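Asks: This is the structure I want to talk about, given as structure tokens.
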């Protein structure tokens, strides 16, 4: 057995601590800095195992709680996990547990132990640990800081007491103290018994004298009882005679009272019926008034809507007239624009033909002028070059340079010409695409008009459907209001019936049935629910006229619940008790209820009551159990005869019962509280209410359906309006797009014309450049001339005059062509303006055509509002007519109700008078019954009558009273007599025997106690001697092992007192005498060094532990004062003993790390300690760091 794990939560400096990889079963060494939490760790173990923390106050508990960052804990716990594979810890009821967990949890008001999740008391845990070897007499399985020093400084007397504790003398002393206490109590009892015996003997002599007087008293008392019996019997007979006469008068009054009560019940039922009718009519009137208010509101809303619609219609009519006038003007303008456009087109054709002829002549003349100009320019340039250059080489050089310039210019012009061609091709493609768009099918005005007409037809149909649905909705709402009134009336009637039913049924029974339903609902067990069939009252049907007899016969069994088996009833009762459900419920198990049916033939006078009850054959045994042995008859006289004839229980149809043993019950019954009719009425009203609500739900669903249809129609109207708008917008967009395409085509044509002119100009430039190059080449091949000839000069002058004349002619032709082009441009601008105006007019004409639909919409809406207003007017007239009829009917019923109420008041007064008479009669009857019962009670109190009654039976009441007075005087003289003298004498004799027996028993017990005490004294001395020898031997062995010197010795000597006393201990102290191998043995430990003292103390501790071994040991810095060699010896000894037990040791020295199976490092950070497994090397480094810090602090302190 060893500690596998220790789990700490919230204890002192440990917030959360455990050892995931467990502790070693051998040597575990804890290392850490001062204040890191080693002592708190050992305190946590003692918190669970030691009695040190047994009784904690609230303040002491609070000091154990961890104080750090975060939310404070409400409780702390320490759990120690033991490996119990050897079975040393035996938990009661759980044998052979391989692992045992002992947890102690402490809160501010809580302190509990748990062993393997079972709650234990502190005493139970202490006993469990004692059984596993944790002796309370040996406190050295946990050695804390300072315990070594206290053991060294311990006096000889304390050391001797320690040996006694190890020997277990506390147990012997405790038992001896108990024996002494028992001995003292036994002696006290013995003295008390002797005194009691003396008192009893004295009292017995007195009782013998009292017995003689008691016999005289008994004779007089028997005579008194005889006289009193005769007097009380006479009173009983007189009371019975008075009760018989009173019963006859009561029966006569009951017949009259029952008749009056029947009349009163009939009147009350009629009044109730009239009141119910008046309430129903009032409800109808309220409903009609609400409907009238609603219709009036609808009419007011329609009037407002009609005013708006009329205004819209008027505006639409005015707008329609204005639009017609505008349309006529626009159609006329359109015709005029068409004629203008045709005339302009004709003029443009004529002008364009003249323009082409003029442009051809001007261009031809311009080309001739240009050719002559170029020839003239070349000649002039050649003439100028003859003057510019001095020789042929300079001229040729310049010509070649000019040729190169012209060729570059030609190349650039060719590139520009390519750009023009590509741009022309792009314009051609774009024009082709626009042509395809124009040739695509478009949305015509006719198509738009047709679409709008279709939408208008659909809109009119939707408006008609909307009006029909609105009318249907009003009709349905009226029906819903009527059905709501019906549901309200049925609900009130159902609640009233349920209230009457609850008043008629006992509260505990009603609560029990409700609790049963709740339990079944909570269990949600279909099989169990199917096994419960409900109370008997819901499972039978009774023929009319026999309900009173059935209800009186069944009584409270009507509310017994029928179940399939006895086990079902037991289960349900257990569940109800488990849930603490209120109420009372009884069961009829079908498997045990097998009632027998009496053999009673049905006759006009008599029949079996069971034959008047209808039921399911499954419940035959239960119904027979209740009604199978009862006959029903018409009258009480017939019942008396049938009881004697059939020898069974008989009941009349009015509820009077006659038992086969002679008992009679019955009388007045308030039929208003009869349970069967009330239950039938409640069930009927509940069914009607359910059906009415279902019908109301169906009507509400119909209203919802109509509302949905109206919403769909309104959505359709909105959709048609949106479609009209989208159609018009689409048509406008298409037309605008078409006009934009035409404008784009016109701009493209203009661009193309400009490109053609540019192309022509570039081609001319290229041709001129090429011609210039050819001329320069020819000039290059000619000879160089320093001057021109006269013929060449003359030709140049002539050519100059021809060019000037040609230019004049060309200018005139170009001016004429420009005039024609201007006229054509003006005509084309006029045509474009007319076309634009014609398009605007066409668009407006189309818009005016579409706007005609608005007028028709307004007219249709106006007609619909008028029709709906007329319908509401008719409905309002019907409601007023119904209100008038219902008011007259209510007045008629109210007058009848008043008449019935006044008539009923007289009947009620008569009933009250008869009730008063009945109450007085009942009071008299009660007094007589009380007198009779009191006399009978007095007779019963007299007990068994003695002999001698016969001589007083014939005496009159006066003589009896005289004799009673004489006897009372005699008894008065004997009033001092002890009436219990005989009983007391016998009781005292019995007590005397018991006390004598107890005295003898106590004497034997005293002798046994003396023997036990002598035995305990001898055992105590033997235990001390045995323990001393064991500790002495182990102390010597351990000391030699630790010192490691052959000549060393150690001795533990018991010191005897100077004067011996048998009653006291034979020794007064224990002395230690040691030798470390050098010098004489030392008996005074003060002569030793600190390390030697600690070694001696450790040797004694190990010796004690060997005498009383524990499964594990906890040492806290036991090697602090030891020298290095002794620390090594202690470490080796622990290593040897670790095969048999576990060590958990805290140290600041490195020697123990050499034998450690597991090294645990303790670290403290943020007010929280943490223990984790580290290597031996890490442990050595940690200890060196601690030593270095200690030396540093010491230097700083100095």
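The first residue you see is number 1, and the count goes up from there.
Just so it is clear, glycine is given a Cβ too, placed from its N, Cα and C backbone atoms.
What TrEMBL shows for this protein is this:
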- 183-253: coiled coil (COILED)
- 703-730: coiled coil (COILED)
- 876-903: coiled coil (COILED)
- 978-1005: coiled coil (COILED)
- 439-448: compositional bias 'Polar residues' (COMPBIAS)
- 530-643: domain 'SMC hinge' (DOMAIN)
- 430-452: region 'Disordered' (REGION)
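Mind mapping these onto the model and telling me what they sit next to?
Replies: On the 0 to 100 pLDDT scale, the coiled coil (703-730) averages 79 in this prediction.
Beyond the ends of the coiled coil (876-903), by six or more residues, the same chain brings 267, 270-271, 274-275, 277-278, 281-282, 284-285, 288-289, 291-292, 295-296, 299 to within a C-beta distance below 8 angstroms of the stretch.
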Asks: Is the coiled coil (978-1005) packed against any residues at least 6 beyond its ends, judged by a Cβ distance under 8 Å, and which are they?
Replies: 186, 189-190, 193-194, 196-197, 200-201, 203-204, 207-208, 210-211, 213-214, 217
Asks: Is it possible to list how many residues within the domain 'SMC hinge' (530-643) are helical, extended or coil according to DSSP?
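Replies: Secondary-structure breakdown of the domain 'SMC hinge' (530-643): 53 helix, 23 strand, 38 coil.
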